[in-house]
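Colleague: Mind having a look at this structure? Questions to follow.
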Amino acid sequence: MSFVEYGDTIKDGDTAIVFLGHESMFPVKVQHGTVTQTKYGVIRHSTDLIGKKYGSKVTCSKGGWVFILHPTPELWTMNLPHRTQILYSTDISLITMMLELKPGSIVCESGTGSGSLSHALIRTVAPTGHLYTVEFHQQRAEKAREEFREHGVEHLVTVTNQDVCKNGFGVSNIADAVFLDIPSPWEAIGHAKSALKAEGGRICSFSPCIEQVQRTCLAMEEYGFTEINTLEILLRVYNVRTISLQIPDLGKAAEDNSSAGFDSSSASNPGSPCTDAQAGTVQFKSGVPLRDMVGHTGYLTFATKSLF
């Protein structure tokens, strides 16, 4: 099993996702002789998981069932053990695009944290690229190495335990892009510039506070970065549902005009409103925003290393 090379069959030692529902799933390490408890009963790894295909529907001991999914960076982001605050797919997708990442890219990252962004970056640059990720906290760095090894991507990533603001990334003039998610990113801008290729590259800094953004932008200007801009993503989810409205009574003249102008072809059009003449109502699909939405997560500041 690998997060970048998908396999069909569940094997001993794999990391799999137990899917109970869209709002209920969790990762499990498949091990011979081990059992996993769910609200639907026990899952026996030896008989219920090992040798089965990913995506299989597995019946638990109480008669309920779950699906066993192959892990992806997106599923891992939703289910990983949180050692720090993490980035979610909304921000990750923009970071990947704005840093112009592709297979073969070399990326430097600090800090590693819980590895949410790291897994997405590794999947993007595979199979010939590489991620150099720096984590200040020793235990988090060791845990990240262990997870990358279990997930079959250790050949695509190098984890370093050091202070990026003092010691940099440990590489020079090889990176296509640099990502910073640290309390004082302005102190690491010089090291980021040194890590980027001589012919240029992109940098991104994630900061939750606007004061951090201001200091980071000043440091970027000082080190000669260009095309500096800051973005914030606010994801607004809409609920598509059927709404019924009462047909207004506009009198006999309006009813005659409506009948004369009726196009029979519209009745067979699935996109047109559905009229219930007996009830005097019309039904149509409408997108309604949810009452609650995720607000501010952080600011993403992007810039380009100048060639001059």
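Glycine is no exception: its Cβ is also placed from the backbone N, Cα and C atoms.
Note that the structure is a prediction, hence the values are computed from the model and not measured.
Not my notes, these are from TrEMBL:
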type: BINDING; residues: S114, G115, S116, L117, E135, D163, D181; note: S-adenosyl-L-methionine binding site
type: COMPBIAS; residues: 258-269; note: compositional bias 'Low complexity'
type: REGION; residues: 258-278; note: region 'Disordered'
Colleague: Which residues does L117 (S-adenosyl-L-methionine binding site) neighbour through Cβ under 8 Å, counting only same-chain ones at least six apart?
Modeller: I86, L87, I92, I95, E109, F179, D181
Colleague: What count of other C-beta atoms do you get within 10 angstroms of the C-beta of E135 (S-adenosyl-L-methionine binding site), across all chains shown?
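Modeller: Around the Cβ of E135 (S-adenosyl-L-methionine binding site), 27 other Cβ atoms lie within 10 Å.
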Colleague: Near the Cβ of D163 (S-adenosyl-L-methionine binding site), how many other Cβ atoms are there if near means within 10 Å?
Modeller: 15
Colleague: Across the record's S-adenosyl-L-methionine-binding residues S114, G115, S116, L117, E135, D163, D181, the largest CA-CA distance in angstrom?
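Modeller: Result: 20 Å between the two most distant Cα atoms.
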Colleague: If you draw a 10 Å sphere on the Cβ of S116 (S-adenosyl-L-methionine binding site), how many other Cβ atoms land inside?
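Modeller: S116 (S-adenosyl-L-methionine binding site) is surrounded by 24 other Cβ atoms within 10 Å.
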